[in-house]
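Trainee: Annotations per TrEMBL:
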type    : residues                                                                                               : note
DOMAIN  : 2-343                                                                                                  : domain 'Isopropylmalate dehydrogenase-like'
BINDING : Arg91, Arg101, Arg129, Asp218                                                                          : substrate binding site
SITE    : Tyr136                                                                                                 : site 'Important for catalysis'
SITE    : Lys186                                                                                                 : site 'Important for catalysis'
BINDING : Asp218, Asp242, Asp246                                                                                 : Mg(2+) binding site
BINDING : Gly276, Ser277, Ala278, Pro279, Asp280, Ile281, Ala282, Gly283, Gln284, Gly285, Lys286, Ala287, Asn288 : NAD(+) binding site
Amino acid sequence: MLIALLPGDGIGPEVIEQAVRVLDAVTGDALSFERGLVGGAAYKAVGHPLPPETLDLARRADAILFGAVGDPDCDALERHLRPEQAILGLRKELGLFANLRPARLFPELADASALRPEVAARIDLVIVRETNGDVYFGEKGMRTTADGLREGYDIMSYNEAEVARIARVGFETARARRGRLCSVDKANVLETSQLWRDVVIEVSRDYPDVTLNHMYVDNAAMQLVRDPGQFDVIVTGNLFGDILSDQASMCAGSIGMLPSATLNSRNQGLYEPIHGSAPDIAGQGKANPLATILSAAMMLRYSLGKAAEADRIEAAVAAALAAGARSPDLGGRISTAEMGDAVLAAL
Ligand code: NAD
Ligand code: IPM
Ligand code: MN
């Protein structure tokens, strides 16, 4: 099985390296890895954040393991050349529309959560985030108003087919868990969200066994820290899902803990931590690789049919945490590589 390895920028290569060590230990030589240039690293090497060779590799691969993109050196480039376009381009070109971001608290990390331990203990949810539409992909630009002011604009839109297909992923995910789906929108203000809510209700008729509720995104942000245990599955649009998942990560201990899978309708998947390239700690061995290691486990489970191996990795992460492995984001002092060592030792 061919895995496209796209390490990217900043801490991306550091966390990918640890995930590859863990995959090698668990799968032997069942996987072959082919590396591709992506993000700022690709721009600097060949002048484009998502070179055609990388896109071709991603299309050919059975699954994609992605680190992170983003480089402060590139923030002044024209938007289509910026590193972030690589992840947006991969999601769009491969039709990767369903981004699953599970957030649960490993019991050993109760002290790392930003919430009181008894509140944090209850977090076990999945955010199902749409990643092919919304304000991310609408018409955007800069213009000058009649008064001569600079004005930026980004069009937010969803059509009913886009909402229906992500709603189905939300209902299916809830059905396989505790049977509760919370759809998060801003239907009190946005037409995009009104359509979202209407379509989610229409799709819900096919899932009478799932309990659906709706929440405005501002309330959802508050509820997530008040009592995260109330959520089973959250389905939401691209922008709200981006924001709520970073927030959920801190309820679960650290942004360095949350993995993700982004799937298309052919069940091809891109697997990545939810965090970015963390330029503030890049190159210092301070990054927590567990989100990427857990993303590799999701890859084994969802794209490669290796559920037992995925279980082994997740159990090893829990055992490493139980043995006291703590990178700085978790309040400890050990390095990225030592976190990898701890998982390998537990395996
Ligand atoms: P970020 O997620 O990179 O970092 C936010 C904070 O969390 C930083 O203080 C960072 O040090 C910390 N952090 C992140 N991951 C960590 C880990 N594994 N271990 C320990 N600490 C960790 O977000 P940002 O600073 O807003 O963005 C930096 C760059 O990353 C930007 O260019 C942004 O566009 C990009 N980004 C890319 C992705 C992606 O590739 N999918 C996701 C988010 C942000
Ligand atoms: C993420 C990131 C990306 C997003 C950026 C880098 C385009 O924040 O994967 O969460 O907003 O989707
Ligand atoms: Mn994000």
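Glycine is no exception: its Cβ is also placed from the backbone N, Cα and C atoms.
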Trainee: Enumerate in sequence order the recorded positions Tyr136, Asp218, Asp280, Gln284 whose Cβ-atom distance to ligand 1 is under 6 angstroms.
Mentor: Asp280
Trainee: By a simple count of other Cβ atoms within 10 Å, which of Arg129, Tyr136, Asp242, Ala278, Asp280, the recorded positions in the record, is least packed?
Mentor: Asp280
Trainee: Given the binding-site residues Ala282, Gln284, Lys286, Asn288, which one's Cα is the least distant from that of Arg101 (substrate binding site)?
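Mentor: For Arg101 (substrate binding site), the spatially nearest of the binding-site residues is Asn288.
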Trainee: Between Ala282 (NAD(+) binding site) and Lys186 (site 'Important for catalysis'), what C-alpha distance do you get in Å?
Mentor: 36
Trainee: By a 10 A CB contact count over all chains shown, which of the recorded positions listed here is most packed: Arg91, Arg101, Lys186, Lys286?
Mentor: Arg101
Trainee: Filter the candidate list Arg91, Arg101, Arg129, Ala282, Lys286, Asn288 of binding-site residues, keeping only entries whose CB is under 6 Å from an atom of ligand 2.
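Mentor: None, by Cβ distance under 6 Å.
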Trainee: Under a threshold of 6 Å between Cβ and any atom of ligand 3, which of the recorded positions Tyr136, Asp242, Ala278, Gln284, Lys286, Asn288 are retained?
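Mentor: From Tyr136, Asp242, Ala278, Gln284, Lys286, Asn288, counting a Cβ under 6 Å from ligand 3 as near, the near ones are Asp242.
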Trainee: Can you tell me which of the binding-site residues Arg91, Asp280, Gln284 is spatially closest to Lys186 (site 'Important for catalysis')? Compare CA atoms only.
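Mentor: Closest candidate to Lys186 (site 'Important for catalysis'), judged by Cα separation, is Arg91.
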Trainee: Measuring CA to CA, name the entry from the recorded positions Tyr136, Ala278, Asp280 that ends up nearest Arg129 (substrate binding site).
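Mentor: Sorting the recorded positions by distance from Arg129 (substrate binding site), the top entry is Tyr136.
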Trainee: Determine the minimum-neighbour residue: among Ala282, Asn288, listed as binding-site residues, which Cβ has the fewest other Cβ atoms within 10 angstroms?
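Mentor: The binding-site residues Ala282, Asn288 were compared, and Ala282 has the fewest Cβ atoms within 10 Å.
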Trainee: Would you identify the secondary structure of Arg129 (substrate binding site) according to DSSP, in three states?
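Mentor: Strand, per DSSP.
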Trainee: Under DSSP, is Arg101 (substrate binding site) helix, strand or coil?
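Mentor: Reduced to three states, the DSSP call for Arg101 (substrate binding site) is strand.
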